[in-house]
Structure formats: C-alpha cells, structure tokens
Amino acid sequence: MATVTEVLTEPFTAQGVTLKSGPIKVHQEELPAVELSDIPLPPPSKEPTEVLSIDKPTPDYHVPRDPRLIRLTGVHPFNVEPPLTALYDEGFLTSPELFYVRNHGPVPLVKDEDIPNWEISIEGLVEKPLVLNFRDILQQYDQITAPITLVCAGNRRKEQNVVRKTKGFSWGSAGLSTALWTGPMMADILRSAKPLRKAKYVCMEGADKLPNGYYGTSIKLNWAMDPNRGIMLAHKMNGEDLRPDHGRPLRAVVPGQIGGRSVKWLKKLILTDAPSDNWYHIYDNRVLPTMVSPEMSSSDPNWWRDDRYAIYDLNVNSSVVYPEHKEVLDLASAGPSYNVKGYAYAGGGRRITRVEISLDKGKSWRLANISYAEDKYRDFEGDLFGGRVHMSWRETCFCWCFWSLDIAIPELENTDAILVRAMDEALALQPRDMYWSVLGMMNNPWFRVTITKENGTLRFEHPTDPTGPGGWMERVKKAGGDLVNGYWGERQAGEEPTEPEPEKEINMKKEGVNRIIDLQEFKKNSSDEKPWFIVNGEVYDGTAFLEGHPGGAQSIISSAGIDVSEEFLAIHTQTAKAMMPDYHIGTMDKASLEALKNDNAPQSDEPRATFLQSKSWTKATLVKRTDVSWDTRIFTFQLQHDKQTLGLPIGQHLMIKVADPTSKEAIIRSYTPISDTNQEGTMDLLVKIYFDTPTVKGGKMTMALEKLALGSEIDCKGPTGRFEYLGNGKILVSGKERHVSSFKMICGGTGITPIFQVLRAVMQDKQDPTSCVVLDGNRQEEDILCRADLDAYEALDSKKCKVVHTLTKAPDSWTGRRGRISEDLLKEHAIPDGKSMVLICGPEAMEKSARKILLEQGWAESDLHFF
C-alpha cells in the first residue's frame, strides 16, 4: 500500500490510459487546517491472484477471489457478503477483496488489451447519439473521486426468511461496503448526447448476459443530471482499476440508492420516456404490498409492473457489530463497561441524525455517539487517485456512519436484549416491526441482540447467522414463539406457544439434471482424483471441492465410491446442503443402489494391523470410564484385537457414530484421541460432558457417551482432517508439504486434544528441533486437562516446550496468568516470524477472537490452522 504522500502525488492511469485530470495536485493553501492523514484512505489490500478451486469448474473460472467471503447462493452465481466483524474492522472504507458482491450470472471475461476500446453507447431520446470508448471517457471528461456506500436491497433479508420464506436468498447484515470511486459524472456524459425534452429516464444495460437477457435497470433522468445526487460512472475503486466482480472496466455508481441500480460492466445508456422494460428491472428490486404472497405474485404479473413498488432510495437502517453474534462475555474478567458499536445508513443523500439504544424493550432510549468519516472529505480540496475530491459544497450524505455507546456491565446483566434504531434528517425512523414482502427486500426493523446469562457469562445472539442455522429468531421460532406478535416472539401472559412450521427440506439436486448413473459408471469415476459419492440415491462429484473442504481433501476422498447418506446428513449444516446442487451430476438407478450396498459390505473378517478404515465403519467396545472431573471423562475403547493400532496420523481426527439414547438416530462427531498413536489394543477419548441447563440443551453426542454402559459399542471411521505432522518440522496442509521451525499452540478446554497429539510427537522425538509454545485457557484450575503431561514436557526441555496456563476464574492461590487468551498474551508469545505455524482448537468464541488478533498482528491466514 502506498504512503499517504505517494497516493496523493503520483500520476494515475487506468489500464494504460492517462486520466484527463493529469498529474495529481493537492490544494493545501485553501485548507490549512486539514492534514492529509485526516482523510480516510483505503485499508491495506492484497488482490487475490489465484482462482479458487471451487470456481474453476464454473463460468467464473477466470476470477480470483478472497476465500473469506461468505457464499450465499452456493458456488455459482457468485453472491457473497464479508464476515460482519471483518467488514467493520477494516474501517470506513472496504477493500475490494471484502466488498460484497451481487452477481446474477457469469462475470464477463474482459481482457486487458480490450479495455481501451471498451465502448458504451448513449442512445434513445437524444439529439446526438454517441458511442464512447474507454479512452474517450477517461480523456474527454473531468474525473472525480468520491466516497460512496453501496448496499444490497437484500441486506438483512435472512430475518424475513426466518419469519416466512421469501423469493430471495438470505443475506445477513453485511450486504454493504464503501469505497472511493473514481470516474466522470454521468450528467457530463449525457449532456454530450443532448437529451431531448421528452426524455424522463436513463435506462442502463450491462454486458452480463443472463437467462432473461442482459441485466438492465433505470433511474430518473433528473436524478442523473442533479449534481447533488452525485451519480457517476466509475473505473476505479480505492485507486485500483475495477476488479471483475465489481464491473471491470466500467460501471455506474448511484449513491443513496440500492446497489441494483449501479449497473456493472456498463455498455448502454438509453434515454426513454418510461421506466426500463428490462426483465430484471421489473421482476427484481421491488417491495410488493405485504399481503401479496409468493403465489399471488406468480399468478398476476401486474403486481410487478406497478412502478410504485420499485425500490430506488435506500431506507434508514442500522446494525450491531459488537457484541458479535455468539460472543461470550466473562463477567469475572470484564471491565466496568462494554462498548456497543455498529453502523447505520440512510438513502437519498439523507444524513443519519441519531442512533438510539434501549435496554428495556423500547420503553426508554439513550443516544449513541456517531462518527461521520464522510465529512472529512468535505474539508479537503485536491485530487485523489486521478479524480478531483470536491465535496465542500455538497451537503448530501452517501456513506454509512459508525456509532458506539459504553454500557455498564451491570446494566447488561439486568437486561435480556439490546435494541438499536436509527433516524435520518427527514425524521424517517426504523420501525419496531418487520414489513414482510415477497422478495424480502429493504428489511429494517430495530436491530435486536439477545443476552443470555449462564455460568457467570453473558452470551450474545444476533437475529440470524448468515453462515448457517443460528440466531435468536430461529431459536425462538423452534420454541413455538410467534415472531410477528410485536414482542419478538416472546410469549405474553396466557398466550399458548404456536406450532412451529415444519422445516422445509433443502433441495440438494440441480434443476434439469436427469442423468441416470449405473454402478459400473459410478465405480469407474470414483477415485481419489475424481471422487464421486452418493447421498440419498443422488450422485455427486466432489472434485471441485477437494481443496476447499474445511475438513481437508481426505474427507471427500474417503467418500469416493460409496453411499455416505447417513454421515453427510448427520454432520452437515443447512448451508452445506444448499451447496450440493452445484456438485450434483445424476441419480443412481435402484438396482445399482442395492448392488452398491452389497459391494460396500465388509469383505473380510481377517484381523487388520490398523483399526481405522476411511470408507467403512468399524466397531470399538467401551471397556473403561475414568472421571477426570465432575464434567470430564476419559473413555477407553477396545479395538478389534490386542496388537491392533489405531492408524490415526498425528494431527488428524476420526469420526465416531453413536445412537441417540432417545430417538435412536445416528449422532456423528469428530474427535482426537489422547492415547498415543502407537498404543496397541485400545484408544482413549478425553470428552467434556455438556449437561442440560435450565436455559440450554446439553450436547447430544457428549450426553450419549455419558449414558453408554460398559460393553457398549460405537462405530469409528477415519482418518479425516487437513493437517498432518510428519515429524522434524514437516507438515502437510491440504496435501501440500511445508516446513516450520516452531508451533504456537492455542487451546481451551478439550481443545487440548489435537494440540497434545502434535506436542507429544515433537517432545518424544529428541532429534526433532521444532519448538512449541502452548497457551492453554480455562475457567478454573481443575479444568486444566493433561496438566501433568504438559508440565512434564516443559520440565524435560524448557527451551523446546513452554506452557502458559491462564484462568478466567482463578483462586487467590493461583500464581499463573489470569483472564482470557488476550491480545497481550499473544503479542508476548506468538509473534509472527515467517517460520512458524499457529495451531488453534477451543470454543468458537476463543477461536474467533484469536484469529482476529493474530491477523491484526501480521500472521498470514495460511499460517493459522484450526482443528
């Protein structure tokens, strides 16, 4: 990233074309009070250079992307939002790699050499129709640079989908991003064509060819010509040429309106006397009246053709970012207050004038502090990224703002929810209740974060989780709460619980795929390189997901050539199931399915040297149970014979299948034994039992294990996992070998088990020079697991092994560290050096916190491994 001075002084070009504004100039003499460093500049950006394996088989095979983005519609088309906290933590401006994306279809392939001659036409009701190429646009028109927030009309739609399924796919609350856009004003382009008097609308059309034609929409001509509206064409974002997903090489940017009006890959501006008749303008981006059901909208197209229901300006909206969804606040280590913070925005250039927070269900409100970073550009006059920043005269607001408020911890303890609402300068206020509509767009009720008190902590929950099931709305609905009763589903006195709607079965088949596959073809195409597998009689090709699978390629390879219905359905989320149509290739005929069952039956009862098999389950018998503490056990299982070893590579895990004691349904989870990999005849599992509490249901698997009688059998299968330690600093990650000189091991609770496996392998080999630092976080001293072994390894060689324990509820006699695994602790013991790897396993909140801190400290994503 260039320094501030470099950004503001070097000449700028776009794809080799020099901009009209020429060399960059800064007019400091007019604004003596403004320092260059006061202007928000883009965050550090690292453009992806490799196409993700998940995209290689798709029409977007040419588009490198950031793997952190959350895919909302499976593999293709590409519709994503960034993780909410990552988006917020980047600051006012968003890097291109984290900028949200809404694509209706394939991204047009635009080669570098074609860009200077990229053409757009200005036609329709004009006196002088024009065709301009990219060079013309850069060289013949004044260039401006302005900060603008784009927001998808579907932002927060998942909340509507929980209440009642809409026709739109689910978005969380991160469907927005902000950038510095550079290019000419649309008005200047249109004036060149001399619009006729009867022209009322500007219809825009992109180069993305879709099933119903090219994507197009329209805005009013008087908006495009109004300098206060700031509507422009852009060829740069944050000083970089547009990337493919964001409209390379040219797009429209319509501030204050929904993102769907900012057409990407722009090819046409057509002036008309009526709104666009493009299919995507009519059947998308509308808020139909709430009484219109999906069935009504499908049977009567007149609902869609009424332009009164079209969306243009954004409405007022806000969201909480901190506390995060699923964040857990330990009251023992918490400070006197918590800084609640988030974002807000409005539409049509209107300023957010207040953000209010309530802790008593809306009976009383307090004002949050608001930061308007956009205003800093109004005090600056100069050129930035090849465009003039000239906002001192303009009072319209086109960007999000950040808000915050310190709330005393006792106040959070005494409430069950945080409510947030915003108001703009037109006194438009976020409503308390949701306005459900058939497309689920413009969802903007008060943002509510629930607080659950349990075991000395406060657990926070957002309305939904964009990555899968979760959030207080789903929880309340499953418990029989009526989410539209005006009380967020809370039952009032005398109110009976409602019967929750049956959960809709997710379709895992690709529409239009009618191919019948027999056993011979299935076996022929079921290899490590091309793993075909079966779920519920349907055939899937997992090749494209070998590299991207969170459990490692082996998880898919182990499924090759077999029916994995039971384990797939038991362990995969709704999000994972929704991805399956992208890999669906056909249906297996019934005769072949029956033959496959027999084909996959165990072939031999001959004793094996190793216990685990990657493609079939093997039974182990519970022979011993040792209580480590009131809620932690070591379960010892007998293998098939006394000389048999487990066969689990160091750093990997195995799947365990147990029948639910009540429903008898299979429960499948992954575990890492604490027994030595060379131990013969038995294996030991260290398990923390999650018992039922008055507010939280206990862990299904751990409760099932707790109820196992001696002599009971479990099923085991494996190995699985992306990581393997080979010894002497050599590791395999997703099949790729590398060398490290040290491990920084971060764990909490039973997350010690995979960490312990690697540590033991290093310490047992006296010739292994790899050093290890273990940061082990727990609540109380009795919760520290494997402590005797950890202390013994440190005593054996303190230079090779260092163990740091930290407790959140330490007794007065405790002489070790106190508190959570914090930023200070990681700065002290986990400094990035380019030769180390961080291994992490523990509660989700701990893992998320550690990941955020480590990335901020300079660790690369590829140097972090989460078990």
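Keep in mind that glycine also has a Cβ here, set from the backbone N, Cα and C atoms.
Annotation source Swiss-Prot lists Mo-molybdopterin binding site at Cys152. A coil conformation is recorded for Cys152 (Mo-molybdopterin binding site) in the three-state DSSP classification, outside any helix or strand.
Marked as heme binding site by Swiss-Prot: His549, His572.
Positions annotated as FAD binding site by Swiss-Prot, on the basis of similarity to another entry: Arg669, Ser670, Tyr671, Thr672, Leu686, Val687, Lys688, Ile689, Tyr690, Phe691, Lys700, Met701, Thr702, Thr753. Residue environment of Thr702 (FAD binding site) contains 20 other Cβ atoms, counted within 10 Å of its Cβ in all protein chains.
There are 25 other Cβ atoms within 10 Å of the Cβ belonging to Met837 (NADP(+) binding site). The NADP(+) binding site feature in Swiss-Prot is assigned to Met837, Val838, Leu839, Ile840, Cys841, Gly842, Pro843, Glu844, Ala845, Met846; the stated evidence is similarity to another entry.
Annotation comment: Swiss-Prot describes 514-589 as domain 'Cytochrome b5 heme-binding'.
The feature domain 'FAD-binding FR-type' is assigned by Swiss-Prot to 615-726. Each residue of the domain 'FAD-binding FR-type' (615-726) gets a DSSP state, and the totals for helix, strand and coil are 7 helix, 53 strand, 52 coil.
Per Swiss-Prot, the feature region 'Disordered' maps to 38-58.
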Within 10 angstroms of the C-beta of Pro843 (NADP(+) binding site), the count of other C-beta atoms across all shown chains comes to 16
Across the binding-site residues (Cys152, Leu839, Ala845), the Cβ with the fewest other Cβ atoms inside 10 Å is that of Ala845
Among Arg669, Ser670, Tyr671, Thr672, Leu686, Val687, Lys688, Ile689, Tyr690, Phe691, Lys700, Met701, Thr702, Thr753, which the record lists as binding FAD, the farthest-apart pair of C-alpha atoms sits at a distance in angstrom of 21
Quick note, Met837 (NADP(+) binding site) and Cys152 (Mo-molybdopterin binding site): C-alpha atoms separated, nearest Å, by 38
